[in-house]
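Taken verbatim from Swiss-Prot:
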{"type": "SIGNAL", "residues": "1-27", "note": "signal peptide"}
{"type": "ACT_SITE", "residues": "Asp205", "note": "active site, proton donor"}
{"type": "REPEAT", "residues": "309-342", "note": "repeat 'TPR 1'"}
{"type": "REPEAT", "residues": "427-460", "note": "repeat 'TPR 2'"}
Amino acid sequence: MFRQLKKNLVATLIAALALGQVAPAFADPADTLPDMGTSAGSTLSIGQEMQMGDFYVRQLRGSAPLINDPLLVQYINALGMRLVSHADSVKTPFHFFLINNDEINAFAFFGGNVVLHSALFRYADNESQLASVMAHEISHVTQRHLARAMEDQKRSAPLTWVGALGSILLAMASPQAGMAALTGTLAGTRQGMISFTQQNEQEADRIGIQVLQRAGFDPQAMPSFLEKLLDQARYSTRPPEILLTHPLPESRLADARNRANQMRPVVVQSSADFYFAKARALGMYNSGRNQLTSDLLDQWSKGNVRQQHAAQYGRALQAMEASKYDEARKTLQPLLSAEPNNAWYLDLATDIDLGQKRANDAINRLKNARDLRVNPVLQLNLANAYLQGGQPKAAETILNRYTFSHKDDGNGWDLLAQAEAALNNRDQELAARAESYALAGRLDQAISLLSSASAQAKLGSQQQARYDARIDQLRQLQERFKPYTKM
């Protein structure tokens, strides 16, 4: 429908801190250290973890090149929650994010937040491999590895974590300065962190592979993906320095393979959604380089029915991205005729309609589909089509409902702000934009916008009272976040 990519963040800094890297490390033999053991993770309560998670998610939204594509976000969250439903010791809600980055990586941090790099779609051969990475990261969260690491560092180097967290924030404003600060902070404790990390990685593998099996995926996917990473490490000439803190020794691969071999062999087919998501991620994202190659599409064309449909969808997507709308429509039409309620097809058909200035066609198509199957992605598409078609009031009606039930989706607030602007509802436009700023961690700007909205609202009105109450809420949030902004 639409893409909103934001400023770059050195996300690997968070990955190093969160102990959740899936990429292999290049370490010399001396990096294989004795087991340091684990602590009880008593540094943070669950409530504190969630509060810190909220703070860092907002920073991530405001600085990272997040992919806010509604279809891809819906897919990775559905896949992630399928895995979470089969995990033990789940104490927080989970949220899954996708970053536009061509380096293989994933990381987990406070409060059940898991971030995937878009490159994973390029390297994962099947859905089970992608799920294996997510199960590994989910296990970092359920085992509270970050809290346990903070407890360990509290004893051995109490200032390290404060400095590292502060360096992450610095990196959001100045990547080079942030990297230098983080390198200096961690230099004195590198050996201890490597040892602790290796133990966490093995534990996340062990628990993650159990989650993978329970959720109905192929447990062999975990060792097969680890082996792919190790092979890439062997043949790479200039590995990223950050990988030095995340060793992937042969013993870790062997342990994962042994555990998978003890489980009952299964044949698991990747879902159609996996192939559609892979085509979309490779065709529209991956750091601006189209990696939806002809070779891959030709390979899918010779595969099973799901792969064949994904190949045709991918070709239609490529044509649409190249503004070849007639070709895109012709390629997509057989798929859409066979499955008129398929969200992937409907979304692409909407983009084609809007690209050809046929907003009414998009509106009629989406209204019919939405009546059959209520889907948040299609609601956003319909609201966007109404806006493009000059019907902001209809868009406003949809978006008021949408933002009420999806308060953390910046797409909804951004579209609502556009609708209110078109309707000349200045105070409501400012309030909607304020919510977008708040989600991105820009609380001062959000409060300023809400103050302006309150000043423009009718004196003593319910709207004014609502804006003032929201200002109070955001000020309270600022107070709760103060300890983290000082790091």
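One is the number of the first residue shown, and numbering goes on along the chain from there.
For all residues, glycine too, the Cβ spot is worked out from N, Cα and C.
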Same-chain residues at least 6 apart in sequence whose Cβ lies under 8 Å from Asp205 (active site, proton donor): His136, Ser139, Met222, Leu226, Arg252, Asp255, Ala256, Arg259
The repeat 'TPR 1' (309-342): DSSP-derived helix, strand, coil residue counts: 27 helix, 0 strand, 7 coil
Helix-strand-coil residue split for the repeat 'TPR 2' (427-460), DSSP-based: 27 helix, 0 strand, 7 coil
Integer mean pLDDT for the repeat 'TPR 1' (309-342): 97
